[in-house]
């Protein structure tokens, strides 16, 4: 029996993955889902507890809880890492704070199982903005604006990916990075078409439903993509919801701007103090 673990199933990405797995997966699949709120998950998937094909086991807990993670990751060959935070608040560390205990649990399994240990594959949602080949397709000024506004979120994801890269070198896990463009229609449930890419042209918008289907295909073809970044592009019509994205950009940009101004103010104050001290020393000569 193949086992998939899904972290963050109540978010737009996680729910789209779960929906696709429930509809398209073989009956032999076993899905282990870790969520903060089981009630919220069952509101979105009311038949989940009675589903027998595929089998679904729901674990309530935090993505930083070692016991909950150990239960969720047990025997999993694929781990969908969909824990994320809307916006880009300064200082966010959610992705890396989740990556560290995941790696720790897998290291414990590696030590206990010894030579029989089979590393699982982490399928980590990233962004086309962090993929040089795909980011180069976007006008430079747009890329700079987005990178400025989502700086904290991107820094968090990059650090988490660095942890996975280091763990891969130790044989603890494999990883695949999934790089979609802007994501839309969080409430949509029907894919309209997508294609996996590396450096080919990427459409500006992709629906969450198509992202979920794409991540499931990537998991099915995992051996082709280990240690690589995989882009996703839409091939069908996408219901675009730019208002949500613009709000996240505005919130992230405002936070980054306030941080930048605060840092500059500190530098100015230190410089003023230095000049005052220097003036006092010179007047005493």
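Numbering starts at 1 and runs along the chain as displayed.
Positions of Cβ are set from backbone N, Cα and C atoms, glycine also.
Feature annotation from Swiss-Prot across 75, 86 places N-linked glycosylation site at 75. Reported as a whole number, the C-alpha separation between residue 187 (N-linked glycosylation site) and residue 75 (N-linked glycosylation site) equals 31 Å. With the fewest other C-beta atoms within 10 Å around its C-beta, 187 stands out among the glycosylation sites 75, 187.
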